[in-house]
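Since the structure comes first, as structure tokens, the remarks are kept for the end.
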Amino acid sequence: MSKLVLVRHGESLWNKLNIFTGWVDVPLSERGVKEALEAGELLKDYKFDVIFTSELVRAIQTVMLIMSKNSSGVPRIIHDEGRMKKWGEVYGEHGKNYIPVYKAWQLNERYYGKLQGWNKNYAREVYGEEQVLLWRRSYDIAPPGGESLKDTAERTIPYFRGKIIPELEKGKNVLVSAHGNSLRSIVMHIEGLTKEQVLKLNIPTGVPLIYEYREGKLERIGYLTRKGFDTDLHID
Ligand SMILES: O=C(O)[C@@H](CO)OP(=O)(O)O
């Protein structure tokens, strides 16, 4: 039996300022750093064999802060090409003693198009509360020039099935660091949520969501909190 741990990055500087972020590459806020360290503390005895992160710095920071508390091994970013790949090779015994970290644009946040950089309250004033809620949480309504959750799922799910599930099948424990909406699309897929349910699904920042992979199926264990497992997905 292997484990899948999904984590949404800690609060970013733009989460804090209530600004649509999408693919804008902004870092964690101080609170986000604390959230990531706290997630690391809760996961400190988990053994990870492979790590996947989006290419955005807030997800990479989160996973590295988590791993700074973890004793499974040293995380090492695997680069695909060019000098980064060649000159990053490891020789000798430490060539084996690391946890590979794969960065994938497919796990990036939903592309928010023309809304990137807009304050969410300002967007509500201009377009109305209901329209903005549909852009943020509906399944198939895309924000202007951006991706709907369905569009996001068209890149996250093939990656999840093609790269992440095979690791679980090999019996590996997997950590995935990604974003509010890219994770909503993955959780929708795992849990078989309807469009109506996903509208109400909000994944909290920095709280690990744990699954166990058994006989081809992912079984939810729950959110790992300081008080133990919260088995509810909180679709309210
Ligand atoms: O700004 C964003 O990119 C996302 C995630 O933080 O926002 P929302 O929660 O509105 O989808």
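Just so it is clear, glycine is given a Cβ too, placed from its N, Cα and C backbone atoms.
Fair warning: this is a prediction, and the values are worked out from it, not measured in the lab.
Here TrEMBL flags His9 as active site, tele-phosphohistidine intermediate. Under the heading active site, proton donor/acceptor, TrEMBL lists Glu109. Annotation comment: TrEMBL describes 8-15, 21-22, Arg58, 109-112, Lys120, 136-137, 180-181 as substrate binding site. Sequence annotations record features per position, and here TrEMBL assigns site 'Transition state stabilizer' to His179.
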Open item on the list: To see if you understand the setup: which same-chain residues, six or more apart in sequence, place their Cβ under 8 Å from that of Arg8 (substrate binding site)?
Closed with: Ala178, His179, Gly180, Leu183, Ile203, Pro204, Thr205, Gly206, Val207
Task: Local backbone state of Arg110 (substrate binding site), from DSSP in three classes - done: coil
Open item on the list: Using the alpha carbons only, what distance in Å do you get between Gly22 (substrate binding site) and Glu109 (active site, proton donor/acceptor) once rounded?
Closed with: 5
- [ ] Around ligand 1, within a Cβ distance of under 6 Å, which of the recorded positions Arg8, Glu11, Gly22, Glu109, Gly180 show up?
- [x] Gly22, Glu109, Gly180
TODO: Report the member of His9, Lys120, His179 (the recorded positions) whose C-beta atom has the most other C-beta atoms within 10 angstroms.
DONE: His9
TODO: Between Glu11 (substrate binding site) and Glu109 (active site, proton donor/acceptor), find the distance joining the two CA atoms and give it rounded to the nearest Å.
DONE: 14
Task: Arg110 (substrate binding site) to His9 (active site, tele-phosphohistidine intermediate) - Cα separation in whole Å - done: 14
